[in-house]
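Dumping the structure here so I can ask a few things about it.
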Amino acid sequence: MSRENLGQGGNVVAEAEVDQATSAPITPRHPPSIAPSPLVVSAPPSQFHSPSLSRSPLLTSEDHPAGATKTPNTSRPPPSTAPSPLIVSAPPSQFHSPSLSRSPFLTSADHPAGATKTPNRSRPASRFITPLGSPLRKALRLTKLDPHDAWLPITESRNGNAYYAAFHTLCSGIGIQALVLPVAFTVLGWAWGVICLTLAFIWQLYTLYLLVQLHENYETGIRYSRYMQLASATFGNKLSKLLATFPILYLSGGTCVALIVVGGSTCKMLYQTLCGCADQPLTTVEWYLVFTCGAVVLSQLPNLNSIAGVSLIGAITAVGYCTLMWVVSVSKGRLPNVSYAPVKANSDVARVFELLNALGIIAFAFRGHNLVLEIQATMPSSEKHPSRVPMWRGVKVAYVIVAMCLFPLAIAGYWAYGRAIPANGGMLAAIYAFHSRDVARSVLGLMSFFVIVNALSSFQIYGMPMFDDMESQYTQRFKKPCPWWLRAIIRAMFGYGVFFVAVAIPFLSSMAGLIGAISLPVTLAHPCFMWLKFKKPKKYGPIWWLNWTLGLAGMALSAVLSAAGVYVIIDTGIKLSFFKPQ
């Protein structure tokens, strides 16, 4: 800027002041002879370099060029002799505020591209606002939700993080199903037992990764917050009910039944251990009821995020009893005359079915995939911060701990007891059967206490999808959230309904192989087909072949394992003690 140009405006300033005026991002000075102009509050040019905007993925260098901080002469307001009203407009940096980016009900229609423009007498803003339109709408599509989701337990709160994801995943990934892993080794033997366990762990971890990536669909802007929603989008409504509804119902409701059976029985064992007597003041059914009452009280916590502390306690106790069991087994040494020879069946056909049943037990040990999308739905998500990043971080930490628990438990349990390990109850029954006299009562009591607490915690996370489904029936019909008193009644009815099934069918835990086979596609097969449907990898490419192979192998394995589970039940027999829990 030269002195001649400055002279055109009637102002004569020093050379240093001219240099400063061309670089300082301030409002242009007005001649002293003119009355004060109206105060215009808008997004000052200096905000182009503020930390909140400089980190925004929606601003590029074109939006704030090097000379953007210069105030053009055309932006100088005309002289005025009377004060004008204060003009306030929302600064563009508010587009990236947490409340805006996380709002589930905000769409691009709520804030048009020119809504924040000030009148023409302020600086031109068209070059700044226009490029925001498309990226902003794209980012907000990822958080556009069904309004009913804000009323349901799974999606009611969306402030989860990687820590919550790790707590929920660990609590649901380790459970009572791990206690029977050594039973599978009695059929498979050392080498094949370790190989099958390792392959199953890698396979289910891969499908877990697929589910985490499929939670958000960037083409449609939809978040699949429930496993059944993703299954319906993949297979269609009719086929998804046939393929996924029953396995998911079992993995939620059936697991709660098994937790009541195991939790109530362990309560009975804990009382015998602490009092040192065989007499029981309560029957087995009454112990089931005690456990159910505790589970129903905890189930009144409103949503999935609110039970993060419960899941943390459940995860700690799960790691605790798994570690205690294999440490006690190793410290006490192997049983006298322990045998590791695989169990031999009477015929080749029986041998094949027993091998398949053992694979079903291993498959049953890895569950929780039906909860992955629900856990991820509790996190905020945007284009800049997608939920898959913290979710996968939490899952990786959780499954490192899962591996540190399951592998030592299976290997040490088989090493200590061999073929003598009880098929019903697994490690817990073996420790009480062989070491009840040479292990401190406090250690046995602590082990039983950890199992009870973990069962109570797992009941909450596995029951949450059932609570969500029942409450959705009310919200869809009446178009309003479920009142607190009705929510309490629904959850109490579910808890005591599950208690009734546990009393009626107490031998459900003896069918681990068959149950694992039925629910296997949810873990090992369906995610592969979902990936092929939505991601559409290159045909006949490595990823295409991998997912087709794993998906078809999972479905075929589920069919043969189900047949094997039925055969083993018929061949070995199960004591069908309806309404007579032992």
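Just so you know, glycine gets a Cβ as well, placed from its N, Cα and C.
TrEMBL feature annotations, pasted as is:
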type	residues	note
COMPBIAS	36-60	compositional bias 'Low complexity'
COMPBIAS	91-106	compositional bias 'Polar residues'
DOMAIN	159-570	domain 'Amino acid transporter transmembrane'
REGION	1-128	region 'Disordered'
TRANSMEM	162-184	transmembrane segment
TRANSMEM	190-212	transmembrane segment
TRANSMEM	242-262	transmembrane segment
TRANSMEM	307-328	transmembrane segment
TRANSMEM	397-417	transmembrane segment
TRANSMEM	443-463	transmembrane segment
TRANSMEM	484-505	transmembrane segment
TRANSMEM	511-532	transmembrane segment
TRANSMEM	544-570	transmembrane segment
Using a Cβ cut-off of under 8 Å, list the residues of the same chain at least 6 residues beyond the transmembrane segment (544-570) that approach it.
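Cβ under 8 Å, 6 or more out: 203, 206-207, 210, 350, 352-357, 359-360, 363, 511, 513-518, 520-521, 523-526, 528-529, 531-532, 537-538.
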Counting CB pairs under 8 Å, which listed stretch among 162-184, 190-212, 242-262, 443-463, 484-505 touches the transmembrane segment (307-328) the most?
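It is 443-463, which has the most Cβ pairs under 8 Å.
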With a cut-off of 8 Å between Cβ atoms, can you find at least three pairs linking the transmembrane segment (190-212) to the transmembrane segment (443-463)? Only pairs 6 or more residues apart in sequence count.
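These two stretches do not touch.
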Flag the pair the transmembrane segment (484-505) / the transmembrane segment (397-417) as in contact if three or more Cβ pairs fall under 8 Å (sequence separation 6 or more).
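In this chain the transmembrane segment (484-505) does not contact the transmembrane segment (397-417) - fewer than 3 Cβ pairs sit under 8 Å.
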Within the same chain, where does the transmembrane segment (397-417) have neighbours whose Cβ lies under 8 angstroms from its own Cβ atoms, ignoring anything closer than 6 residues to its ends? I mean 6 or more beyond.
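162, 165-166, 169-170, 173-174, 178-179, 181-182, 184-186, 190, 193-194, 197, 201, 205, 208, 315, 318-319, 322-323, 325-326, 329-330, 332-335, 338, 340, 365, 426-427, 430, 434.
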